[in-house]
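Annotated features, as they stand in TrEMBL:
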- 71-263: domain 'ABC transmembrane type-1' (DOMAIN)
- 12-32: transmembrane segment (TRANSMEM)
- 75-96: transmembrane segment (TRANSMEM)
- 108-130: transmembrane segment (TRANSMEM)
- 142-161: transmembrane segment (TRANSMEM)
- 182-204: transmembrane segment (TRANSMEM)
- 242-261: transmembrane segment (TRANSMEM)
């Protein structure tokens, strides 16, 4: 029996190790490539230790690309979306989780059904609307919709708040709290792990958004960091400077990486407690 258990554990460990390597190796290769010279990228066999190391890629990328403007625009979009969407999503999640009102479940299911509509289906009508209200080539198409209503966030937070005792709301009402006071003073603090996890996921989605900024903006002053990196390919007629693109990608990854490492405790805690609740 013990031998069978040991074999199962060994198999699970091997599978996890293979999965971990498949995720870490591309990241490691990106770091290594960002320190190479262009003529050493495609050497056979591949070199995992650059020799010589070219740190100039991290200096030249600021001079030969629109990376700084892209980072600034991405930070502006992310900061506004995170602030506004967290407020609106937590309020909506609280309402769907703890309040009773007519057709609550029907409205929630209708909102969830919108998650099944691909963005590409809405692209043409959205472009037409944004064009009429003069939002094309501005940051507003990336900010306003994501700030006002994010169904993914509402669903995630609602699942977490459903697990919080409803007795807390009843006790707050007995003590004279209205719904807004109960939301701000009780349920918002108790939902801290889920809110932080939601912020991480929302920041990753907003920061890594490529298709929206590509479609709705066209001037270099409005480019986001992902578009700025993609546009680096068009700067080189014969061959893309792969090490410089990898250096730019490393710089773009840092904010997400730092945020996740800082808040990973809350991220794992929220998923452990949320589950799938009715």
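Glycine residues also receive a Cβ, built from the backbone N, Cα and C atoms like all the rest.
Long-range contacts of the transmembrane segment (182-204) within the same chain, counting only residues at least 6 positions beyond its ends with a Cβ under 8 Å from a Cβ of the stretch, are 78, 81-82, 85-86, 89-91, 94, 98, 146, 150, 152-153, 156-157, 160-161, 164, 168-169, 172-173, 255-256, 259-260, 263, 266-267, 269-271, 273-274. Listed by sequence, the residues of this chain that lie at least six past the ends of the transmembrane segment (142-161) yet keep a Cβ under 8 A from its Cβ atoms are 77, 80-81, 84-86, 88-90, 92-94, 96-98, 108, 111-112, 114-115, 187, 191, 193-195, 197-198, 201-202, 206, 209, 212-213, 216, 224, 270, 273-277.
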